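Chemist: Take this structure, written in C-alpha cells, and hold onto it; I'll ask about it next.
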Amino acid sequence: MVNRSICSEVTIARKSINSAQLGPQEDVDPYLVEFDPGDPLNPKAQLVEPATMDIREFFAYVSKNEMLVIILIHCSAVGIIQPLTKELGMSQKAGVLTISLFVAGYCVGPLLWGPLSEQYGRRPVFIYTFIVYTVFQVAAALARNTASILAFRFLGGVFAAAPLTNSGALISDIWDVKARGKALAIFTVAPFAGPALGPTAAGFLGEHTTWRWLFWVLAMFAGVCWIMIIFTMPETYSPVLLIRKAEQKRIETNDSRYYAPMEKDVITAFQRAERVLARPFVIFFQEPMLMALTMYISFVYGCIYLLFQAYPVVFIQGHKLSAGVSSLMFIPIPIGGTIAVIFYVLIYNPKYEREVERCAPYPVPPEFRLEIALIAGPLFAASFFWFAWTSPSKISFWAPMSSGLLMGFAISWIFIFQLLHQLGLFNYIVDAYITVAASALASNTVIRSLCGAAFPLFTPEMYASLGPRWASSLVGFVAIAMIPIPLVLQRYGPTLRRKSKYAPAQDLVALDEK
C-alpha cells in the first residue's frame, strides 16, 4: 500500500515552493496565450466535472472520443494466415517472419511518431501514417514473392505503430486524472485483443479463400479508419492548439507580440532530429522506473505473440483441431481482458477517485496504481501453469482454452498501469511522464515490440525441445521472477521520482530538504 502521508507531504512541499519561488507580486506576461476557463479549444473542456458522469454517460463519451483509437489498434494488429507460406513456397521460419517483421516495424515507428506528435500534433501523425499503412496492405495483397511480402509487412508495421505509440498520449490529452484510468482501461484491451482476435479471423479466411483476401480486408478496413480519422479525430495536443490560438489572436488584434509557449521553443534541425530520434531512448536510460516497467511489459507482450506458435502446437498437433476451430481458442483472452476492464471501472477506479479527492488539489502519487499490478503478476504466472499442465491431448481442450480467461484478465490489469498500457503499467507511465508521455511510451513500445518480434522466432524450437508442458511452465517461472517489480517500484518509486528530470512531480525534491 502506498504511504498515506505522501499526499500531505507533497502539499506542504508545493506550498513552500510556491511561496518561496513565485511570491505574491509575480508578473504575468499579458501576451502569453493560454486556455481560458471553459475554453472550447481545451481538449479537456468537456471533462470539467468528470466525477458527475454515471456509468452510461462515461461509456457514451468513450464511444465518441476513444472508440476510433481502439479500432485503429485492432486494425494494425491483425495477424497473417498459414496458406501464405504454401503459395509462395516459404519456409516455416519465413512464415514466422511475416508476424515478427510486422511487429519489428513497431520498433522503428515509435522513434518517429511519438516525438513527431509532440512537435506537430497528434492528428497529422495519425492521418499521414495511416494512409501509408493502407497502401502497404494493398501492396501485400499484390505481393508475388517472399522478399516483397516480408518487406511490405515490415513497412506496414512501421506505419501501423502510430496508434500504438500515440493513442495513450492522445487519451491523456482529453481525459483528466480522475477519468484517465477508466479511459485507459478500455483502451488497453485493444493492443492484445487485436493479436488474439486476428488469428480467429485469419484462420477461417484461410479455410474458405486465398490469403490475399486477408490483406484486401485489412486494406479496406484501414481505408475506412483513415476516412474516420479525417472527419472525426480532432487535434488534442494542447501546445499545438495554443499555437493556433496565438495565431488567431495575432490576426484579430494585429499585434505580433502574442505567442504560445511552444513558439518560444526555437530549435535547430539537429536539435529537432535529436528530439525525434534520441529522446525516447534518453528518457528510457535515464529513468529506472521506465526501464523496470518496460522490462515487465515487454515480457508480457512477447508472451502474447509466443501464443501464436504455442496454440497450434497444443490445439492443432495435440488435439487435432482444424486451423479455423483452433483459432477460436484465442477468444477467451480478449473476453478475460474485457472482464478485467469491467472490474476496474466499477470497483477499482472509484477507489482511485476517492484518493484524488483526498489528495486534492494535488495529484495522487503514481505508486497508488501499482496495487492492481501486484495482483495481476501472480495471476499471469498462474495462467501459464494452467495452460501448461492442461495441454496434453488426453485432457479436454476446454481446459487449456479456459486458461485464456485468466491470462487475458491478468494481461489487462498489467497493461493499464500506460501508455501507453494493462491496468497497472500504462497508467503509471502516463501519470509519471505526462509532459513527455508520447516519447516515454515510444521507448516502451520499441522495447516490447522487440520482444513481440523475437518470441515467435524461438517458440517452435522451445516447444519442440521441452514439450508443451515444460515450455509453458518455463514462461510461468519467468513470470514469477517478474512479480517483485511492481512491489519494488511501490516501495522506492517516490525516491526515484525525486531524481527524475521528466516526472511532473518534480517538487518532491523539496522533501529531501526537510
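Note that Cβ sites are derived from N, Cα and C of the backbone, with glycine treated the same way.
Under the heading domain 'Major facilitator superfamily (MFS) profile', TrEMBL lists 52-496. If you look up TrEMBL, you'll see 67-84, 96-113, 125-143, 149-171, 183-205, 211-231, 289-308, 328-347, 368-389, 395-420, 432-458, 470-489 marked as transmembrane segment.
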Chemist: Do the transmembrane segment (395-420) and the transmembrane segment (328-347) share at least 3 Cβ pairs under 8 Å, sequence separation 6 or more?
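Modeler: When sequence-distant Cβ pairs are counted, the transmembrane segment (328-347) touches the transmembrane segment (395-420), since at least 3 lie under 8 Å.
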Chemist: If you average pLDDT over the domain 'Major facilitator superfamily (MFS) profile' (52-496), what do you get?
Modeler: 78
Chemist: Against which stretches of its own chain does the transmembrane segment (470-489) lie, if we need a Cβ under 8 Å and a gap of at least six residues from its ends?
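Modeler: Contacts of the transmembrane segment (470-489) (Cβ under 8 Å, skipping residues fewer than 6 from its ends): 289, 292-293, 295-296, 299, 303, 306, 310, 367, 370, 373-374, 377-378, 380-382, 384-385, 387-389, 391, 417, 424, 428, 459, 462-463, 496.
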